[in-house]
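**Q** Shown below is the structure under consideration.
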Amino acid sequence: MTRAAERGQGATGWGLRGALMAVALLSVLNAVGTVFVLYQWRELSAALRALEAQHGQEQREDSALRAFLAELSRAPARVPEPPQDPMSAARNKRSHGGEPASHIRAESQDMMMMMTYSMVPIRVMIDLCNSTQGICLTGPPGPPGPPGAGGLPGHNGSDGQPGLQGPKGEKGAVGKRGKMGLPGATGNPGEKGEKGDAGELGLPGNEGPPGQKGDKGDKGDVSNDVLLTGAKGDQGPPGPPGPPGPPGPPGSRRAKGPRQPNSFTNQCPGETCVIPNDDTLVGRADEKVNERHSPQTEPMITSIGNPAQVLKVKETFGTWLRESANRSDDRIWVTEHFSGIMVKEFEDLPALLNSSFTLLHLPHYFHGCGHAVYNNSLYYHKGGSNTIVRFEFGKETPQTLKLEDALYFDRKYLFANSKTYFNIAVDEKGLWIIYASSVDGSSILVAQLDERTFSVLRHINTTYPKSKAGNAFIAQGILYVTDTKDTRVTFAFDLLRGKQINANFGLRMSQSVLAMLSYNMRDQHLYSWEDGHLMLYPVHFSSTAPSQR
């Protein structure tokens, strides 16, 4: 305990010593600062007294000079006397004996003024020269001063005269091809060219209307030959047996009993048949139906080949079309979006790839992605109506056809994936329209058209619900329907026989939006518009008879 107490007392003593030393150091610094401040104060006081003395001396000199100048300004001005002759001057010298004294005073005054001026500050001299006139004489001009700082830039001057044209420059690089301009004026007809080679044999045309009855011909000459009727001869021997006849149509199956075949009838269940306006078409339509119901089998699609991409555009919806009938017509037509009034016409495939086109203005707005081109005419759905428009290229007046009881409003699309109410199709058997009925609102129907009169020959009800369909196309008189994802063909219907047939094959692997799907009989390819990708699919047919359900 004693050692701990000693250690505590020692620590306390060292702390007190340190505090005392700090206080002493502060006191010393304070004293030194006080002495330094007093020294500075003394120096500043001496400088202030010197400045006050100098200022007082300047004031005294200034007041003395001002008094002298005031006295000088009150002195009378000396007027110069006219020159005198020598005799007068002599008399004046004799009569004015005291003049030399005044001359001496003037010299002394001048000397005093010079001495006074030499003691005057420059500022006072400047004030004196400015306030009085005649005392300060103007000296010679001084040397020129240094150049001043540059001034602000002036205003822009007016344009000068155009210079001479320079030499022609070097030829630049070839620029990008510009857009096609407006059509120019019609030029003069050129010279008649040589006759070209004969083209390929085209498809047979449609049967023309019967001609007018001709005039009665002239009466023929009287024949001089006399034909006598002979007696009836004996019966000849029997001939050899003839070749076997063609097989008859298949009979109906009656084993299943309850199930009825889905055959076509003229009643059009759930739909009103359109009767052609021309009475002569009734017999002709029956002939065509009987013709196409012949026992000859139509080829059926068995598979779809690998696709080839033609072009990529930015629009999700659209159609690209080629002429189906005329093989020599290489034009391509493109509609962008599922609604519009403009059509792009390309001269050929290279023009499509180079985006070189001509804009065509349609007479009515189109809707959907189910258009078709057939015999130089564009077939499309007139937006907001149940009307199909036939617009012949190069003509201004279109033709229209109404489909009664067809869905065309309230977004109850035939194919929701492509925003389409009507899908026009062209194949080897003619012109078709795929649509949905507004009576039941669920089944897919097909109307067969007479292309010559632009009228409906008959309506075919496939009884297949449109809710299960993604898109559809027609080839060789058979309707093919895809699933809702547009990846497989899951339904087929023979439109010529009015019966469903077995079909199930893959279409594509992509899950993109399939806005357009159309068969072209010209090259037997499927044309599609898939989320801006313009694609081509080769079609493979089978010649065997399709199995029916």
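Backbone N, Cα and C define each Cβ position, glycine as well.
Copying in the features that Swiss-Prot gives for the protein in this structure:
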COMPBIAS  200-210  compositional bias 'Low complexity'
COMPBIAS  213-222  compositional bias 'Basic and acidic residues'
COMPBIAS  237-250  compositional bias 'Pro residues'
COMPBIAS  260-269  compositional bias 'Polar residues'
DOMAIN    296-543  domain 'Olfactomedin-like'
CARBOHYD  ASN130  N-linked glycosylation site
CARBOHYD  ASN156  N-linked glycosylation site
CARBOHYD  ASN326  N-linked glycosylation site
CARBOHYD  ASN354  N-linked glycosylation site
CARBOHYD  ASN375  N-linked glycosylation site
CARBOHYD  ASN461  N-linked glycosylation site
REGION    74-107  region 'Disordered'
REGION    137-276  region 'Disordered'
TOPO_DOM  39-549  topological domain 'Extracellular'
TRANSMEM  18-38  transmembrane segment
**Q** Taking the Cβ of ASN375 (N-linked glycosylation site) as the centre, count every other Cβ atom within 10 Å, in any protein chain shown.
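**A** Looking across every protein chain shown, the total is 19.
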**Q** Determine, using Cα-Cα distances only, which of these glycosylation sites is closest to ASN130 (N-linked glycosylation site): ASN156, ASN326, ASN354.
**A** ASN156
**Q** Can you figure out which of ASN156, ASN326, ASN354, ASN375 (the glycosylation sites) comes closest in space to ASN461 (N-linked glycosylation site), comparing Cα atoms?
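**A** Closest by Cα: ASN375.
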**Q** If you measure from the Cα of ASN156 (N-linked glycosylation site), which of the glycosylation sites ASN326, ASN354, ASN375 is the nearest?
**A** ASN354
**Q** Would you mind reading off the Cα separation of ASN354 (N-linked glycosylation site) from ASN326 (N-linked glycosylation site), to the nearest angstrom?
**A** 24
**Q** Would you identify which of the glycosylation sites ASN130, ASN326, ASN354, ASN461 has the most other C-beta atoms lying within 10 angstroms of its C-beta?
**A** ASN461
**Q** Roughly how many angstrom lie between the C-alpha atoms of ASN375 (N-linked glycosylation site) and ASN326 (N-linked glycosylation site)?
**A** 7
**Q** Could you tally the C-beta atoms, other than its own, that fall within 10 angstroms of the C-beta of ASN156 (N-linked glycosylation site)?
**A** 6
